[in-house]
Amino acid sequence: MTRKLVLLRHGQSQWNLDNRFTGWVDVELTDQGCQEAVAAGKLMKDEGLQFDVAHTSVLKRAIHTLQGALKELDQDWLPVSKSWRLNERHYGGLQGLDKAETAAKHGEEQVKIWRRSYDIPPPAMDVDDPGHPCHDRRYATLDRNALPGTESLATTLVRVLPYWHDAIAPQLKAGQTVLVTAHGNSLRALYKYLNDVSNEQILELNIPTGIPLLFELDDNLQVRSFRYLGDPEAAKRAAEAVANQGKAK
């Protein structure tokens, strides 16, 4: 039996448009981002996907993308689970900074390492910073020590995997079709795990906003195939645009 999983990065956010490091900052979708959510829903509808359950983060850009896609799918009723474990990677002291200006200051290669390397985190955010997640009530029930002040992709994967094993994988094994709407780096972490991508190869992986990535898995959740829905060239161009965000102007 083939199990189907769709990974969907949220639509364009205001800080995507502004080319700023976002991380755990809770920013809105742009009008284009809202349109991308609807377009993602249409692509999934055209594919004939009938979901049983959906998962998303606790950040509104992912939540609103999921809502827009489900409305287009006419599957608004779908059970939705939200978890902080699907949040974007925490960008530490880089959050809020302009990516191009940061590249001009520190060099494009350093910014690429911070953005795309596997195990090197950006400079940490101080726990006394008002933006640290320990001051956000949505995380009030969590162990303060579990809340990051910065993350690498490696530590993001460590955060995401328990949710995969405890929540998503059992549903897939039960034969359910699952939609996960999350963020560039939490989805890169899942992609790395599912496809057994090396630490070096993951550096070059960029996930575009608003384009569903369909995985077909076997009974043991091993990947049989995966592809972006819609025009492959459009997905390629969108991924290249993501890669270019960390370059100096």
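Cβ atoms here come from the backbone N, Cα and C positions, even for glycine.
Note that the coordinates shown come from a computational prediction; the quantities given were computed from them, not determined experimentally.
According to Swiss-Prot:
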type: ACT_SITE; residues: His10; note: active site, tele-phosphohistidine intermediate
type: ACT_SITE; residues: Glu88; note: active site, proton donor/acceptor
type: BINDING; residues: 9-16, 22-23, Arg61, 88-91, Lys99, 115-116, 184-185; note: substrate binding site
type: SITE; residues: His183; note: site 'Transition state stabilizer'
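For the pair Trp15 (substrate binding site) and the residue listed as 'active site, proton donor/acceptor', the Cα-Cα distance reads 13 Å. Lys99 (substrate binding site): 23 other CB atoms within 10 A of its CB, across all protein chains. Among the recorded positions His10, Gly23, Glu88, Arg89, Lys99, the ones whose Cα sits within 10 Å of the Cα of His183 (site 'Transition state stabilizer') are His10, Gly23, Glu88, Arg89, in sequence order. Reported as a whole number, the C-alpha separation between Gly23 (substrate binding site) and the residue listed as 'active site, proton donor/acceptor' equals 5 Å. Sequence-distant contacts (6 or more apart, same chain, Cβ under 8 Å) of Glu88 (active site, proton donor/acceptor) comprise Thr22, Gly23, Trp24, Ser57, Leu59, Ala182, His183, Gly184, Asn185, Ser186.
All protein chains considered, the CB of Gln12 (substrate binding site) has 22 other CB atoms within 10 Å.
Sequence-distant neighbours of Arg89 (substrate binding site): residues of the same chain at least 6 apart with a C-beta under 8 Å from its C-beta are Gly23, Glu151, Ser152, Leu153, Thr156, His183, Gly184, Asn185, Ser186, Ala189. Taking CA atoms as the reference points, the residue listed as 'active site, tele-phosphohistidine intermediate' and Lys99 (substrate binding site) are 19 Å apart.
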